[in-house]
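Structure first, commentary second.
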Amino acid sequence: MEGYFSSSEEFSLSDDSNSTSDLLTSATANPHKCEICHEVFMHANCLNAHLLIHSNGKPHQCEICGKAFSRKDSLMTHLRLHTNEKPFECGECSRAFSERAYLKRHIYTHTKEKPYQCELCDKKYSHRSSLKTHLLIHTKEKPYVCEVCDKAFAHKGSLRSHNRIHTNEKPYECNICGKVFAVRHVLKTHEWIHSKERPYTCDVCGKGFSQAGNLKSHLVTHTNEKPYECKECGKRFSRARYLKEHLKTHSRNKPYICEECGKAFSVKPSLKRHLLTHLNKNP
């Protein structure tokens, strides 16, 4: 790993616990438990900082936009949105990032390292969060149920975010442009538009993306994978939007009409191809 960080400060790329068993038994390893939401922490000071979330204690305020934070380091990270400061630089390719975590994630594109392994199926991941999400495939546990529509979720936070669909609540506001969002991570992804940051990097070609979903869609260009199948005719597609567009060909709805001859089409590309026949007739 030496040589990947331009900073003289050294830190480990891997956490103390990478395995599935460590993740599944984290509650017993971390004795400091929040009595409100039952989240557990390794150290008492981490629990104390977490409790500010429930008490709405946010003593650290941004002097530029007024947004408040429960922790000083969160404020310092936020300030980089205004200054466009990117102090964490990759020593391999000189790419810079506003947060250390983004640099850490980026470095795996150089090392190809996947230290987080599932002990149930041996699948490996570059990031701890990816392994935690993967484990839900094995447990299939969804204890949090929506009281409005009965949809179930594996995480309490996911249910909380889902409930905003029914209430139309959007509590997360972008301090740069004022756009509001129902989910915090969507706001965070949106903020990368302003900072021009692309923390999700393709392990194959190194191309960067601001959203994990865009990276996932991009990866099929390397694998030639086509996971989206039309139930009507069996044709397969690499992206959901391609399948959605294709399904219109099976529909009787034909909203695209040729102004020249009145012929109707279910999809816009078909109309465009048809228009060329008129151009060929009238040179």
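Backbone N, Cα and C atoms are what each Cβ position is placed from, and that goes for glycine too.
Automated prediction, rather than curation, is the source of TrEMBL annotations.
Mean pLDDT across the domain 'C2H2-type' (32-59) comes to 75 in this model. Summarising the annotation, TrEMBL assigns domain 'C2H2-type' to 32-59 (among others).
Long-range contacts of the domain 'C2H2-type' (60-87) within the same chain: residues 7, 49, 52-53, 96-99, 175-176, 191, 194-197, each at least 6 residues beyond the stretch ends and with a Cβ under 8 Å from a Cβ of the stretch. What TrEMBL records for 60-87 (among others) is domain 'C2H2-type'.
Annotation source TrEMBL lists domain 'C2H2-type' at 88-115 (among others). Here the domain 'C2H2-type' (88-115) is broken down by DSSP into helix, strand and coil counts: 12 helix, 5 strand, 11 coil.
Annotation source TrEMBL lists domain 'C2H2-type' at 116-143 (among others).
What TrEMBL records for 144-171 (among others) is domain 'C2H2-type'. Residues 37, 136, 180-183 of the same chain, all 6+ positions outside the domain 'C2H2-type' (144-171), place their C-beta atoms under 8 angstroms from a C-beta of that stretch.
Look at the domain 'C2H2-type' (172-199): DSSP puts its residues at 12 helix, 4 strand, 12 coil. The annotation domain 'C2H2-type' is assigned in TrEMBL to 172-199 (among others).
What TrEMBL records for 200-227 (among others) is domain 'C2H2-type'. Across the domain 'C2H2-type' (200-227), the DSSP tally of helix, strand and coil residues reads 12 helix, 4 strand, 12 coil.
The domain 'C2H2-type' feature in TrEMBL is assigned to 228-255 (among others).
In the domain 'C2H2-type' (256-283), the DSSP tally of helix, strand and coil residues is 14 helix, 4 strand, 10 coil. What TrEMBL records for 256-283 (among others) is domain 'C2H2-type'.
Beyond the domain 'C2H2-type' (256-283), the same-chain residues lying 6 or more positions past its ends with a Cβ under 8 Å from any Cβ of the stretch are 245-246, 248-249.
Nonlocal intrachain contacts for the domain 'C2H2-type' (228-255), taken as residues 6+ away from its ends with a CB within less than 8 angstroms of a stretch CB, comprise 217, 220-221, 264-267, 270. Within the domain 'C2H2-type' (228-255), the DSSP-based counts of helix, strand and coil residues read 8 helix, 4 strand, 16 coil.
Residue counts of the domain 'C2H2-type' (144-171) by helix, strand and coil are 12 helix, 4 strand, 12 coil (DSSP-based).
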